[in-house]
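Feature list (source: TrEMBL):
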- 62-83: transmembrane segment (TRANSMEM)
- 103-126: transmembrane segment (TRANSMEM)
- 157-175: transmembrane segment (TRANSMEM)
- 206-230: transmembrane segment (TRANSMEM)
- 242-261: transmembrane segment (TRANSMEM)
- 281-300: transmembrane segment (TRANSMEM)
- 320-337: transmembrane segment (TRANSMEM)
- 357-377: transmembrane segment (TRANSMEM)
- 420-442: transmembrane segment (TRANSMEM)
- 449-468: transmembrane segment (TRANSMEM)
Amino acid sequence: MAGESAGCALKSAHRLFVLLIVQLIHNLTMTDSTEQTSNIGDLRMRRGHFIRTLINRDKTPLIILVMAGVVGVITGLLGVGFDRGVDWIQQQRLGTLAKVADYAILVWPLAFIMSALLAMVGYYLVRRFAPEAGGSGIPEIEGALDEMRPVRWWRVIPVKFIGGLGTLGAGMVLGREGPMVQMGGNTGRMVVDIFRLRSAEARHSLLATGAAAGLSAAFNAPLAGILFVIEEMRTQFRYSLVSIKAVFVGVIMSTIVYRYFNGQKALIDVGRLGDAPLNTLWLYLALGILFGVVGVIFNALVFRTQDMFIRFHGGDWRKLLIIGGLLGGLCGLLGVVQGETAGGGFSLIPIAAAGNYGVGMLLFIFIARAITTLLCFGSGAPGGIFAPMLALGTMLGTAFGLSCGHFFPEYNIEAGTFAIAGMGALFAASVRAPLTGIVLVLEMTDNYQLILPMIVTCLGATLIAQFMGGKPLYSAILARTLQRQEQAAEAAKTSKSALETGK
């Protein structure tokens, strides 16, 4: 009996133990399943939030992209019109001189008078209607991107367009890119105002879009236009997906318009140059060092020349007109005596790069054009300095290449490759934008195989200029403009206080 009772108790205990184990396993299973379900739910929530964040992050207002396309088209049309207008005026001026070429007593005074009158038109319009349209105009756009300079497109665009036709048509040593960048930026602000786009993002993005589209239209160099805004205007440009997309769209449309009217050929035809052997790269580095020094000196001379002209005319428009007439007439005479020393210089670059000048002649043209560039740009004439700098770089680069060919005949040096490297090096040292200089020159000449020597030369020039403490050209000009603006405001405030005290 006792044994049976003990057996029953043992069976009951065993059954209870089994039930407890089963219940425990069931509870654990339910907990794991619940936790797994909960984890899956959390994962799905996090994934959905991540996808929504990505979508919202890339939500570009369509209106800004559409308006960027409009800005690009208008800027491209302005570029084509400006380019053809300058060419037409120059052809008419030179054609008139050709008709009286046999009469020396008429050629000289006529060359001076025509160029002087054309230049005076540009100076007068700038001084009378839009002082901010003087000079390159690129520092004005940089200041506007930082909300430090006003954008009065209704007066800047016509004054810069007509004034630039006058000064460039006169044969002054100026470039077309400065006017195009300023007119492009002002076109961006014009579109903002006409379509009443109120957001700060739209105002900033379309201003930068117009500037990039303007450079692209001036040089048929779309990638350089984009890089110019990102690199040169890096301290003012507010990088975002919206702004960079707008810049891309504007540049694409501007380039399409330009190439529709002018074709897709390279702007400067220097032919297909040979590759630079690796054992000659040290020569390109030496060239970069040389241009780094030249760039610092060149910028310092630009600032001194500007100060000299400001002291001379002191804001008097009559004196400014006299300066403009004399400089324009001088360039007209130089065009008759030595055509290479006048004009933007694009027609000179292929001739020099082909080795048609000796070292002595190249250095003479370099010095002569450096002087005329400083005088024309420093006087405040509406026009850019890109093109003259590219021509100067070509002259010095070719002279360096010819000299290296003489001293190192075993290298079989092609001077044209040094000409191309020099084009970008002076720009890189002066403006402190090496990447833009490299891409700009390669796009303009269609010699992409020279990218390695270009990098070596432009980087060397930039580092030397920075090491020497040189100031970037456009940033320094903007700083000087803002300083004069503050001084004028302070003088006006002092004058007002004096008048009130007198009363």
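Residue numbering: from 1, along the chain as shown.
Placement of Cβ uses the backbone N, Cα and C atoms for every residue, glycine included.
The transmembrane segment (206-230) is in contact with the transmembrane segment (420-442), judged by 3+ CB-CB distances under 8 Å for residue pairs 6 or more apart in sequence. Outside the transmembrane segment (62-83) by six or more residues, the chain places 157, 161, 164-165, 176, 179-180, 183-184, 187-188, 191-192, 195, 197, 201-202, 205-206, 209-210, 213-214, 217-218, 242, 245-247, 249-258, 261-262 with a CB less than 8 A from a CB of the stretch. Cβ atoms under 8 Å from those of the transmembrane segment (320-337) belong to residues 93-94, 97, 107-108, 111-120, 122-124, 127, 167, 170-173, 309, 312-313, 343, 368, 372, 375-376, 379-381 of the same chain, restricted to positions at least 6 beyond its ends. Scored on C-beta pairs under 8 angstroms, the neighbour of the transmembrane segment (157-175) with the top count among 242-261, 281-300, 357-377, 449-468 is 357-377.
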